[in-house]
Amino acid sequence: MFAFNLFMRRGWGEFSFVVLSRLVSSLKEAESLSGEQDLGFLQTLLESKELNALVNVHSKVAKIGKDDRVAPLLSSSMQVALEVLEQLAPRCHISPLCKEVFHLLQTPHLQSLLCAHDSIAKKDFYPHLPEIPMEVDEDEETIKIVQLVKNNEALGATIKTDDETGKIVIARVMHGGAADRSGLIHVGDEVIEVNGINVEGKTPGDVLQILQNSEGTITFKLVPSDGKAGQRESKVRVRAHFDYDPDCDPYIPCKEAGQAFQRGDILHIVSQDDAFWWQARKEGDRNSRAGLIPSRNLQERRIIHERKQIESNSESKKGSCASICSTPPGSPNPNSCRGPKTKKIMYDVAENDDFDREMIATYEEVAKLYPRPGIFRPIILIGAPGVGRNELKRRLAARDPEKYRTPVPYTTRPIRTGEVPGREYIFIPRDKMEADIQAGKFIEHGEYKGHLYGTSAESVRSIVNVGCVCILSPHYQAIKALRTPQLKPFIIHVKPPAFEQLKASREAAHARSTFDETNSRGFTDEELMDMVKSAERINFLYGHFFDDEIENSDLGKAFERLVQLAQKSECEPLWAPATWVQ
Ligand SMILES: Nc1ncnc2c1ncn2[C@@H]1O[C@H](COP(=O)(O)OP(=O)(O)OP(=O)(O)O)[C@@H](O)[C@H]1O
């Protein structure tokens, strides 16, 4: 007893050989107080080489730990570096010093050093040693009694009936919730009593009722699980590619535990332990508890199931006039009476649409992409034909021709009078262009009136490599080919306003229809209507790829917004696919 009192008083920080030898001698004094077997065991342990070696190491570490000169000043130097980067990003052009610090702080070696420093400062020494196996009497069950004060906040844990034992167990503990913060309730703990009421044979619903009827302090009697407690938060961030509302989800285990989100939201996935229900919180919501969201696996299954249902419904309705809308909004109406389009068509829409429907958009892992000094992300303007992408692109290039450039397209058509090779087009023989298309050298291409047209990947790269911002306004189906880790484009959706506003703005500006080959008339109502529908459809199919959007109603305002977005893409760290940030 004396020995252990000593042990407690001194604490581990002062534990040394002196203490160890005093422990051994005090054991001898206490021989009469306890069983011989226990004392013999303790004496062997205290005199063992292993323990003495450990004490030796501990004493040295403890000594160094007391030296203030090597004590860390902070344990979040990486966070500080990121904040400095964020502050510096818009100021790089001010001085070469800013630029150099900005560049230095981004180097992987320095960032790794800061991360290593923080881990040591936090005493985050991995790997963790396995827990010491405890020999427990088989009949003896360890029980913990946990008391939590009930307030307006949810407990942040869910319960279920264990399939094998039929007992009530803790199914999940929501990160950051009351149960998690208590550090006392863990997944797999068996619930024996709630407020003195034995829950054996009860359903999770019954237990919930007990909890709901309780006021003030709630006492749980739990048998701890033998699994690992206190899982660390994962650092994964994803961009959601669909809207989610737990209130409308009949399968979520607990609606109150759900986390609603919208397409485009950045989510911090804090746990992926459960195959079907991840725990996540919206990025930036640091203090809120995490909520349940469907896992990628579950969401993919749902989408496949929904598609199958839609397909079988439309199969069974074949031949009848009414059909379920299995196509995205704004899909081309095969009965449309619009005349033949004279406009240049770069893609076979029908062929590519089937491919798009194959995509199952759930979550995309993202990371912050920091601006690189002197290398700008290409800006891609996507939008319905005629919406004004070229007009905006022209204005941006005219504002600063040294900075914003558009690649010169290639064509196989013969040169016309007044045209200068390399100015309007780069003229190229058909067999050469076909071979280059085959070799994947074109980021977009198409055929119009028997001639090929296209934009080469090399022309985009060469603009980027000379430190200019490349602006592109390709057909929307080129998104997938352009959204690569090499190009890292910033993609903006240029949207039309509602029909009335669209019509009024185009009429007021005497806008020329891009559907008329001679450019001699304004847009017809049908063309404007198609533009609105097409924008909805583009948003449905590709909305999750857009970094931002511009509503092109008032041209001046739309252009102002484009300038702001261009600056944002040049200066700010922005979320991008994680594969782009290596
Ligand atoms: N906000 C606006 N208000 C009025 N007129 C506009 C506006 N935006 C564009 N326009 C006009 O609409 C016409 C079509 O614009 P533009 O050529 O830029 O379309 P586009 O999206 O590039 O089309 P396409 O892809 O079919 O070539 C042009 O006459 C342009 O000046």
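Heads up, the Cβ atoms here are built off N, Cα and C, so glycines get one too.
Just so you know, TrEMBL annotations never went through curation; they're auto-generated.
A mean pLDDT of 75 is what the model gives for the domain 'L27' (16-69). TrEMBL lists 16-69 (among others) with the feature domain 'L27'.
According to TrEMBL, the feature domain 'L27' maps to 74-128 (among others).
Residues annotated as domain 'PDZ' in TrEMBL: 145-226.
Residues or ranges marked as domain 'SH3' by TrEMBL: 233-303. Across the domain 'SH3' (233-303), DSSP classifies residues as 14 helix, 23 strand, 34 coil.
Among the features that TrEMBL reports, region 'Disordered' is placed at 308-340.
Among the features that TrEMBL reports, compositional bias 'Basic and acidic residues' is placed at 308-318.
Taken from TrEMBL, the feature compositional bias 'Polar residues' covers 323-336.
Annotation comment: TrEMBL describes 376-567 as domain 'Guanylate kinase-like'.
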Point to revise | Counts of helix, strand and coil residues, the domain 'L27' (74-128), according to DSSP | key: 39 helix, 0 strand, 16 coil
